[in-house]
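Participant: Supplied in structure tokens, the structure appears directly below.
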Amino acid sequence: MTHTPSMPTRLSLTAGRLITTALLAAGLAACGGGSGDSSSTASGRSLTGTVTSYESPQSFSVDGIPVDASGSSATPQGMTTGSRVEVHGEMVNGTLQASKVELDDSDDRDDDNANPNELEGRVTAYTSPTSFSVDGIPVDASGAPSTLAVGMRVEVYGTMANGVLVASRVKIEDGDDDSNDDEDDDNCTATGKSDCHDDDGDGHDDGDDHDDDSDDHDDDSDDHDDDCDALGKSDCDKD
């Protein structure tokens with residue numbers, strides 16, 4: 001039986017500039033594939049952030065995310081609370097099992113302090129808009145769209161607090177992972193508007209389609225008028 005790995009998820013927590021890129025290993029785990037090169041490729045996770053608690057090079061937290069580096073191939077010298085690090089590994093039961101830890105000396109910072117954290121992934125548990133999880137990460141979003149359900153891909157913006165992403169905006173993604181989503185679609189899904197045009201039921205604002213149809217009709221009328229003018233007719237019927 002063939003299992004297909006799930007869609008990529010990205011967690012960007014830029015208050016501490018925690019950037020996580022992951023491919024979920026659910027499909028591989030069901031097949032017993034949780035180790036080896038295929039696992040690290042399909043479910044590898046990279047996390048960059050600030051060490052918020054430090055016990056040893058093998059046990060510390062990055063922006064509140066516990067890290068177990070006992071199996072790491074390398075840990076940096078001089079790491080302590082406040083150090084910025086980049087950790088590679090996999091999330092297991094809420095703990096990042098690190099395969100490699102490096103000091104991060106980049107000066108990259110996000111100037112947007114209103115929504116410093118961004119989480120992109122799939123809804124894995126849902127109780128209510130104020131209680132759901134995205135790829136196992138708890139989210140509290142009282143303003144989330146009422147159409148949320150397990151399995152949907154979403155982008156969540158907000159601030160991490162005690163391991164929970166307190167969201168100020170939630171966007172339901174279309175799942176095609178293209179760059180054609182326009183700003184109107186973002187606003188509709190982010191605010192949970194019920195009056196967004198969605199004539200074909202695909203979850204997108206179809207207002208632009210209506211505008212295009214109107215433009216086509218206008219073009220037809222212009223062609224008709226041009227024909228009348230070319231013939232010099234003065235009694236052409238006007239629609």
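Just so it is clear, glycine is given a Cβ too, placed from its N, Cα and C backbone atoms.
Residues annotated as signal peptide in TrEMBL: 1-25. What TrEMBL records for 31-61, 100-138, 173-239 is region 'Disordered'. Annotation source TrEMBL lists compositional bias 'Low complexity' at 37-50. Residues annotated as domain 'DUF5666' in TrEMBL: 48-102, 120-171. Residues annotated as compositional bias 'Polar residues' in TrEMBL: 51-61. Look at TrEMBL and you will find 104-113, 174-187, 197-229 tagged as compositional bias 'Acidic residues'. Per TrEMBL, compositional bias 'Basic and acidic residues' is recorded for 230-239.
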Participant: Tell me, roughly as an integer, the mean pLDDT over the domain 'DUF5666' (120-171).
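Facilitator: For the domain 'DUF5666' (120-171), the model's average pLDDT rounds to 82.
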Participant: What counts of helix, strand and coil residues does DSSP assign across the domain 'DUF5666' (48-102)?
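Facilitator: The domain 'DUF5666' (48-102) comes out at 0 helix, 34 strand, 21 coil.
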Participant: Mind tallying the domain 'DUF5666' (120-171) by DSSP state, helix then strand then coil?
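Facilitator: Across the domain 'DUF5666' (120-171), the residues distribute as 0 helix, 34 strand, 18 coil.
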